[in-house]
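As annotated by TrEMBL, Zn(2+) binding site applies to Cys144, His159, His317, Cys321. Residues or ranges marked as compositional bias 'Basic residues' in TrEMBL: 37-46, 113-124. What TrEMBL records for 1-67, 106-125 is region 'Disordered'.
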Amino acid sequence: MSGASRVRSMNAADSEARPVLGLAGNKALRSPGSRKSVSKPTRKAVKSKEEDKNGDQPSPSLHSFDVPSILRRQESLYSNLSLSASCSSDASTDSFHSSASTGRIYRMSSTSSRRKQLASKSKRIVSDDISDSSIDGLQSKKRCSWVTPNTDPSYADFHDEEWGVPVHDDKKLFELLVLCGALAELSWPSILCKRHIFREVFADFDPIVVAKLNEKKILAPGSTACSLLSELKLRAIIENARQMSKVIDEFGSFDKYIWSFVNNKPIVSGFRYPRQVPVKTAKADLISKDLIRRGFRGVGPTVVYSFMQVSGITNDHLISCFRFHDCVESAEAKEKDSNKDETEATKVDEAIEAEICRSIDDLSFSSE
């Protein structure tokens, strides 16, 4: 019974010690724990061999420690390992091909190659984006900082074409005054989207025609005008048209009246940063008080300063904006044109006076 039990224990030790009897490659596959557990029985086997040489009686466990059986076990172990390795490689290749057919890759080598491809692709995309953005940045014009790429296109066009350009037409001035007054209830993008409706309702902003409009029709429930602004603002527009017609009768045009506050020359602010642009100024406060004195409504200093910015009475484009110099040049061109008109008008007046003097002289000579 004791011999049989020792044989079973030795077989268990042999099953644990199988990798020790293999080649150096098999030893590398063992974990450190297995090395410590296997090293003890081998030392006992060496001691038992030394005892055989000395002539001592061997222990019953040494009779079961047969070298040919160990070699057979080693060969079977090698065959099993080679078979499992080949099976695992075949399975891995099969799984790789099957997964590759579905478009999903799970192998480490394939994932690494895919990562390299993605990295190179991302580098190409980034470089392409940078080149495209740099080209767009070079081609795009620099605007005021409050006009961003996300700005409504209508507002961007309004900035590029109208905002800050000197205006001298009475209809255009009245339109801009009405739109600036609407800023109390609407924003610039929404106002510009409804601009054609404003023009239809208010007769293309002719102040003389608007002054004669019937308030009951405009303020009737469900009318087009009521969908634009509140009743208070609509009444203010009609009243401002009436007062503007009076100013036109007094000064000859609203243009002469409003530009007289700045001596017919736009104020060039030359701001570098948007924080420098004010909401109102002393000049706007002065104009606002005079308009209110004349009976205008809804023309506070803030509204008046917005009107001055839009109509080009003041040039508040940042100096980094491409429209800054354009507005300055347009103001200078209009000033030259006005000077030419004044000189031509003076020449005509002088010619008329000369003709009158000649006719008077002729009459006096003929009477004599």
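Backbone N, Cα and C atoms are what each Cβ position is placed from, and that goes for glycine too.
Remember, TrEMBL labels are computer predictions, not curated facts.
Cβ environment of Cys321 (Zn(2+) binding site): Lys142, Arg143, Cys144 lie under 8 Å away, each six or more residues apart in the same chain. With respect to Cβ neighbours within 10 Å, the binding-site residues His159, His317 differ, and His159 shows the lowest count. Taking the centre of the Cβ atoms of Cys144, His159, His317, Cys321 as the Zn(2+) site, the nearby residues of that chain (Cβ within 8 Å, site residues left out) are Arg143, Trp146, Val147, Trp163, Gly164, Leu318, Phe322, Arg323, Phe324. Cys144 (Zn(2+) binding site) is surrounded by 20 other CB atoms, counting those within 10 A of its CB over all protein chains shown.
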